[in-house]
Structures are given as structure tokens and as C-alpha cells.
Amino acid sequence: SVLELGKMILQETGKNAITSYGSYGCNCGWGHRGQPKDATDRCCFVHKCCYKKLTDCNHKTDRYSYSWKNKAIICEEKNPCLKEMCECDKAVAICLRENLDTYNKKYKAYFKLKCKKPDTC
């Protein structure tokens, strides 16, 4: 769910998911998809594509279990769809950490209507 995702992002990046990524670029946060503005925005684009593959669970509301051991996210979920959702969230949190140097404040509250048609997943 959104709660686990937010926790993972905070653990990996040290940033608050809502205030730092909630409306970043064309792909972070709710709604729109568009051509990514930078590597950080591409992380969110790939994450949305990952979520599109989930068929038996709801990424907004369904909860899963994971642990944080030795600064690593471990998806412990038995349910296959929830485990896949956990892996999607883990991947975006790591991607955002790996691309912290591309984070650009000018995309923090980006006007989504300026986004061009998205790439396909």
C-alpha cells in the first residue's frame, strides 16, 4: 500500500515520499504518466509500469509485509501478488536513492499538463 511505499522511500532516500516525490515530474505521485523529465522521474515511470502488471491486488490499499535488515528491504510476503507489489516498491525506493543526485527542485511540483505523451511500458 501507499504506507509501505512511503516507509521504503524514507528508509532508502531519507526523504518524505509525499513532500519530495508526491508531485515530482510527470510520473511521481497519483495520476498522470508522461515522458520522464530526468532519472528520478524515470524511476517513477518504471514503478507505474511495474504496478500495471499486478492483477490480483490493489496497490493503493492492499498491505504487505517486509522488513528492514542491515539497511536492506526484504519482501517477506507469501501472497504472490503482494510479494510482487513489494518488489515493485522496493525497486523504486532503491532507484530513487541511486538517483538522488538527479533530483531537481524545479520538478518537485511539476505542472502535469506540460507532460508529453508517455513512453510505453
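Cβ from N, Cα, C; glycine included.
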Q: Identify which of C88, C95, C115 is listed by Swiss-Prot as the disulfide partner of C43.
A: C95
Q) Pick from C28, C44, C49: which cysteine does Swiss-Prot list as forming a disulfide with C121? A) C49
**Q.** Range among 79-91, 105-117 that Swiss-Prot annotates as region 'Important for membrane-damaging activities in eukaryotes and bacteria'
**A.** 105-117
Q | Partner cysteine of C44 (disulphide bond, per Swiss-Prot) from C28, C50, C57 | A | C28
Q: Within 10 Å of each Cβ, count the other Cβ atoms and name the one among the disulfide-bonded residues C57, C86, C121 with the highest count.
A: C86
Q. Where C28 (disulfide bond) and C95 (disulfide bond) are concerned, what is their Cα separation in Å, rounded?
A. 13
Q. About how far apart, in whole Å, are the alpha carbons (Cα) of C115 (disulfide bond) and C57 (disulfide bond)?
A. 28
**Q.** For C43 (disulfide bond), the one of C49, C86, C121 that lies nearest, given that the disulfide-bonded residues are compared by Cα
**A.** C49
(Q) Spatially, and counting Cα to Cα, which of the disulfide-bonded residues is closest to C81 (disulfide bond)? Options: C44, C49, C95, C121. (A) C49
